[in-house]
Structure formats: structure tokens, C-alpha cells
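Summarising the annotation, TrEMBL assigns signal peptide to 1-22. According to TrEMBL, the feature transmembrane segment maps to 110-132, 144-161, 173-197, 229-252, 324-341, 348-366, 386-407, 436-459, 471-497.
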Amino acid sequence: MEKWHWLALVVLMALTVRWAVSLHSYSGAGKPPLFGDYEAQRHWQEVTVNLPVRQWYFNSSDNDLQYWGLDYPPLTAYHSLLCAYVAERINPAWVALHTSRGHESQAHKLFMRATVLVADVVVYIPAVVVYCCCLKEVSTKKKVANALCILLYPGLILIDHGHFQYNSVSLGFALWGVLGVSCDWDLLGSLAFCLALNYKQMELYHSLPFFCFLLGKCFQKGLKGKGLGLLVKLAGTVAASFTLCWLPFLSGREQTLQVLRRLFPVDRGLFEDKVANVWCSINTFVKIKDLLPRDTQILMSFCLTFLSSLPACVKLTLRPSPRGFRLTLVSCALSFFLFSFQVHEKSILLVALPVCLVLNEVPFMSTWFSLVSTFSLLPLLRKDGLLLPALLTAAAFCTACAAFLPLREAASEEGLRLRAFAGSLRRRLRLPGAALLPRATWWLFLASVAAMVLLTLATATLHPPQRLPDLFSVLVCFVSCLNFLFFLVYFNIIIMWDSKSGRNRKKVN
């Protein structure tokens, strides 16, 4: 019973922090003609409640796609419609066709903020609490501590409740999917992930690990026996869930193609704004967006994304395990963020979720990554006037992690899960027995934190040179990208050496 009291307190604290951030300004407030993401969410409610389904994704006089046209899958549209029904009952002016554009009032702001909070309460927070309660060989205190740290992750709070989006819905469904397939409720897990994918197409970042983990389970059971039956059931679940979600848009070929064109707008280019991935960093020195044809950019990004994801996915297929699945989710999502086509800065949240799921296993690296991922959003947060909430939420997250997680002990070879790799490295290179990797990791961490602090101070207090107006934003993205490349290498190392470490432990036992 005591555990539930503590979990209730953690949830209350998480909701309080979210509501406090939501009282601040939101994206594009008072900035016509397009305003910002807050207006985008409101406009989708206006479109879905006033127009027939077949017109939601088509350009028309009543639905100008250049003005925040729908560009997410059907489940997002249905969610907008549900919110619009409630808004229309409260005040029809909030979603009136044409005349509600750019509507800003305190009552409407309260309503919109409440819808995000409800999404958290209904989908995301229960998934986090159940996940932490299901952690094996973990004390009650650590389960509560993990729930607190995950729910206080600053990036998601700032983007959903400050900038204004509903990322907690897709991430919540994805987490329910992780829970399902990890607990051998494979059909329910598949259904939950299909809902996530039909809410935001960026959930493709997590699709390869789900596919490989479930396929590996089928191989384990034998494709001539129970494995084939599971494979057929999984295929039926995926097909049925997609059919139900897309049913109104399957009335004609052009209708379906138009939705797909809106979901994957290749004309927008390799990346948007200042994003901390490889292409944006390279583009600072070599203008690849201008030098290379669009088809070449797409092919290049696809090949690098696929190749960087391949080792972890092959390992997961051959040796499926819940731990390997969680680590592969991190590796693949990071590969997609760094190398794929048309990446947004907010997509780092898709990497942050699986990193939060391994907070109990590699607390030091997970905490470090969470700070870097929030830092990478600095240009966007500054534009939205969210620097102060960002600093306060980051401080709260750091305090919780430092107080309840063994961060200093977790920086050892064992805590970093690098013992097998370090042993192999010492044998091959004939290095002395000193713990070089933990020491190097610790110094890299200090350098990373110093760079983040200096750039945050510079962004908040200094004006960039007139001829280099984006100097601080570019530096933030470049430093973040270097950190993310390091994390990609690190997580792939512990994935590939995981089984060796397991065999060594068995020999010792």
C-alpha cells in the first residue's frame, strides 16, 4: 500500500510541474499570420468538426493546406475531432470555420492546456507507472524513483505543455506496446504500437525493433509450429488495426494517396530548421541540400539509416529478449534521428522515450542523454520564450536523478555495462588493467556539461554577430549532434557485447 501512496505523490508532482509549465506562453502566441503549433492543433479541430472526412487532407477554399493543413495520420485527426466536439459545446467560436483563425483567449488556452493534461493522464502517465511497477528485481523505492525521473523528463514536458503538442499520446501508446510485447502479450502490444504509428508517423523510428523482436519470438517458437500461428495472429492484428484506422480514407485510390502525400512530404527537404542531426551539422560546412538532387538525398539518408540500424536489429532477431529490445529501440531511434530524411528537432523525443526505459539499467548514460536531448531543443525553446521553464524543469530532473539514482557508481565499468567490451579491448590491445573507459566517459561527460552550460548562457544573455545571426543555434545543434553520435556508438557497443557479458556471468556462477 505504501508503494501506491508514493506513486500517487509522484503522479501529483508530475501533473503539478506540467500545469505550471502550461501557464507560460505557447508557440506562436500573438504572431500572425501562421501563429504556431498551438494554432495548428486548434485549426485541426476547426477543420475536422466542420468538414466531411473526405476533405480533411485535401486543399480547398475551406481547408487551405498552406495554413497548418493536417499532416499526421488518421488517429490524430480523430483526436482533434473529439477535442473539437467538446470545444464546440463550450464555445462554438473556438472552432468556427474561417472566423476562428488565430483565436486567442484565456478560456480557450485553459481548455487546450487541459486537453494535453488529459492525454497525459489517460495514456502516458499510466503507461509509465505500470512499466516501472513491472520492473523485475527492483526494490519498491527504485520503482518509485524511476517513475519520478521518467515523468520529470524536461523535453516532453516543455514540448507538450510549453510549445504545445500531443506527443504524450503516441509515446504513451508506444510504451503500452513495449509493455505488451515484453510481457508476452504480443497481440495487445502490437495493437498498441499500431495505434502509436497511426497517431504519428514518426513512430516509424520504433518500428524496426518491434518487427525484429516479434519476428525473433516467432523464430524461437518455430515457424512450423506455434511460431507460425503467432506470426499469422500478429499479421492479422496489424492488418485489422490499420484497416479500422484508415477505413474512411480507403474509399478511393486518390483519397489514400493524398493522405500518404501529406504524411510524407518529401518536398520539405532533408531537414527543417536547426536540428541536431548529421545532415544539418554537415550542411553548416557543405550545403548538401543545394548540391545534391532530392532523390540522391533520400537514397543517401535511407542507406545510412538502414545500415546504422542493421547490427542491433539482426542481433535482436537472432536473440530476442526484453532487455535487448529496449536497447535496440534506443539505437534504432537514434539512427533514424541522426540519418533519416525530413527530421524535426522535436523528433528527439522518440529517442528519449526508450532511453528513459533503460534508466534503471544505465542510469548515468540515460540521465546524460536526457539532458543533452533537452539542450538540443534550446533554439526552439528560446523562440517560444521557454528558457526559464527549461532551466527549472532541467534542474528538477537533475535533482531527482542525483537524489534517487546511483549516478556516481553507475559511471563504473559495471554500471556502464562495458565490462565485457573493456575486457576484450584490453586483451586485444594489451592495455593495462586500469579502468580507462569509465575515466574517459567521465571526462567526456564533464566536457559535454560545460559546453551545454556555456552555450545556454550565451544564448540567454548574448546577441550573436549580425553577419552570423544563427551562430548559437548552429553551435547548439553541432554540439548536440556530436553527443548523439557518441551515444549511438555506446548503445551499439553494449547491445553487441551483451550476450558475451551474459555468458561470462554464467561461467562465473
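Using N, Cα and C of the backbone, Cβ positions are placed for all residues, glycine too.
Of the recorded ranges 173-197, 386-407, 436-459, the transmembrane segment (471-497) has the largest number of C-beta contacts under 8 angstroms with 436-459. Counting residues 6+ beyond its ends, the transmembrane segment (144-161) has Cβ neighbours under 8 Å at 3, 6-7, 10-11, 13-14, 17-19, 21-22, 113, 116-117, 120, 125, 128-129, 132, 135, 138, 167-168, 171, 346, 348-349, 352, 356, 359-360, 367, 370, 373-374, 377, 381, 386, 389-390, 393-394, 396-397, 400-401, 404-405 in the same chain. Contacts between the transmembrane segment (173-197) and the transmembrane segment (348-366): present, as 3 or more C-beta pairs lie under 8 angstroms, all at sequence separation of six or more.
Within the same chain, residues 53-54, 57, 73-75, 186-187, 190-191, 194-195, 198, 214-215, 217-218, 221, 223, 259 sit at least 6 positions outside the transmembrane segment (229-252) and bring their C-beta atoms closer than 8 Å to a C-beta of that stretch. When the stretches 110-132, 324-341, 436-459 are ranked by Cβ pairs under 8 Å to the transmembrane segment (348-366), first place goes to 324-341. Counting only same-chain residues 6+ beyond the ends of the transmembrane segment (324-341), those with a CB under 8 A from a CB of the stretch are 178, 181-182, 204-206, 208-209, 212-213, 266, 270, 277-279, 297-298, 301-302, 304-305, 308-309, 312-313, 315-316, 347-348, 350-351, 353-355, 357-358, 361, 481, 484-485, 487-488, 491-492, 494-495, 498.
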